[in-house]
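Encoded as structure tokens, the structure appears first; notes follow it.
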Amino acid sequence: MAAGQREARPQVSLTFEDVAVLFTRDEWRKLAPSQRNLYRDVMLENYRNLVSLGLPFTKPKVISLLQQGEDPWEVEKDGSGVSSLGSKSSHKTTKSTQTQDSSFQGLILKRSNRNVPWDLKLEKPYIYEGRLEKKQDKKGSFQIVSATHKKIPTIERSHKNTELSQNFSPKSVLIRQQILPREKTPPKCEIQGNSLKQNSQLLNQPKITADKRYKCSLCEKTFINTSSLRKHEKNHSGEKLFKCKECSKAFSQSSALIQHQITHTGEKPYICKECGKAFTLSTSLYKHLRTHTVEKSYRCKECGKSFSRRSGLFIHQKIHAEENPCKYNPGRKASSCSTSLSGCQRIHSRKKSYLCNECGNTFKSSSSLRYHQRIHTGEKPFKCSECGRAFSQSASLIQHERIHTGEKPYRCNECGKGFTSISRLNRHRIIHTGEKFYNCNECGKALSSHSTLIIHERIHTGEKPCKCKVCGKAFRQSSALIQHQRMHTGERPYKCNECGKTFRCNSSLSNHQRIHTGEKPYRCEECGISFGQSSALIQHRRIHTGEKPFKCNTCGKTFRQSSSRIAHQRIHTGEKPYECNTCGKLFNHRSSLTNHYKIHIEEDP
């Protein structure tokens, strides 16, 4: 089109207030966690769009708070209960609160488009396109010169990876794409032709036509904008600015911190409509829904066996070959790719280039290789200052130190019990949910995790791979070996805060502490007697059932307790391990020795 035929281009002053979406304090309280996360994403996306223009720009305090995972209410107030980003924005927010729209997404959409010019004929907002003057007024606003009008692409066109790098919308396109319904035909993975589940997965696809001008100086990876480069550089620097106030764990991104904090608050915003069960993550709800539909979407190409979880397919595929799992398509219904497009492309393009010279295993990163090599070298650079125990990873040391401090930041919402790590909390939760996905082929016993199943199967095979280097005794699992080795080293890291007594294992400390508290959580359903230890309850129940599982191999007599059988067998063997220190007389029972001591006490009062 000739220059003379073009429409007159209005000059538009663009400020942060124009792209800000604000809520009153009452509105903020009513937002669900998922809605607050959407609000953060929208505000940060709008701010990044302004920064990407390359002109000087003062970061608003509300953006700094959102990047740190804080609520946007710690900025100064103007008396109206609205975040003070300026009188202009406060006025807009007050005006926007008059809306009667009960839908959060409708509200945020209305606010996000309130200042965008509309094409009354097409009923679609414009995108401003043009160059910017390299100057700022006193208010920090930018002057857009020769702005041309261009319609926002419809959802149908948005899946064609339309390049929008030269366009800038004052209101984030992300809002509209999240609120408008998904298109019926899912986007395709260009490498395998596999379909993707969500439009957002296509939006995460690298912009193929964009000029990747920002390069990482360490690994030379390129990015299309500075914000992506800064996020990536944190992987090299180890910078973790976002710290959890509960457990002090640090994260490189605010979104990771927000997701982590749910483990402390116990918030479960995702609810199953079938059974009412709640989950902290949408992915956990998605996995749970398969238990109702009995859907098994992940199929092994080798043998045709199907699994309801992709992790189950990965574990199964190791039976066929100890190779890269990407050899087999972990996709849905045996053909379509279940990962996001960006994840799918990484799987196909990435190679395991870090080789271990000891065992030949390959790894995708040098840090993973370093962690692995400590298995061969025995290197444990992270040492506990309290007991001197060393660990190969810093995370293991942090978890261990909680034994000494007594800190248990992860708490069960059902019973209130605390745990030192999230993995132990997850194992404990299975007690309440009763979920058991792994069945033993020998005895049919159901177990809650694959690792527990492997340890259980060693009962049938007799395998004991964990061997003590001092005495040669073997164990089925490493935790039993570690506990046994403390007999040789004399290490007793678990200390009672009441009396100072120390123990080799945490369970012994827990049982001991009930002496001080008087707690007896194990109750017999038959007679109502309570016990401080579960083993005592098990032995007691045999009185009601009449069960005597311990049998003497010599005479066939049976006993309720193994200790009673051991004492009985001394009658046949003639063993008398208990000796009187006064007269040297031997006894086969400790109780007999105790009664014998009374004779000497009476003789020498």
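A Cβ is built for glycine as well, from the same backbone N, Cα and C atoms used for every other residue.
Looking at Lys110, Lys240, Lys364, Lys495, Swiss-Prot tags one of them with SUMO2 cross-link, and that residue is Lys110. Swiss-Prot assigns the feature zinc finger to one of the listed ranges (57-79, 149-171, 172-194, 494-516), namely 494-516.
Residues 298-320 are the range that Swiss-Prot records as zinc finger, among 298-320, 321-343. Long-range contacts of the zinc finger (382-404) within its own chain (CB-CB distance under 8 A, at least 6 residues past either end) are made by residues 371, 374-375, 420-421, 491, 493-495, 506. Ranked by number of Cβ pairs under 8 Å to the zinc finger (242-264), the listed stretches 354-376, 410-432, 438-460, 522-544, 550-572 are led by 410-432. Across the zinc finger (522-544), the DSSP tally of helix, strand and coil residues reads 11 helix, 4 strand, 8 coil.
Under a cutoff of 8 A between CB atoms, and with a sequence separation of 6+ in the same chain, the neighbours of Lys268 (SUMO2 cross-link) are Ile262, Ala278, Phe279, Thr280, Asn413. Across 214-236, 270-292, 410-432, 522-544, stretch 410-432 shows the highest tally of CB pairs under 8 A with the zinc finger (438-460).
Within the chain carrying the zinc finger (522-544), a Cβ under 8 angstroms from the stretch's Cβ atoms is held by residues 511, 514-515, 560-561, all 6 or more beyond its ends. Beyond the ends of the zinc finger (410-432), by six or more residues, the same chain brings 247, 263-264, 266, 268, 399, 402-403, 448-449 to within a C-beta distance below 8 angstroms of the stretch.
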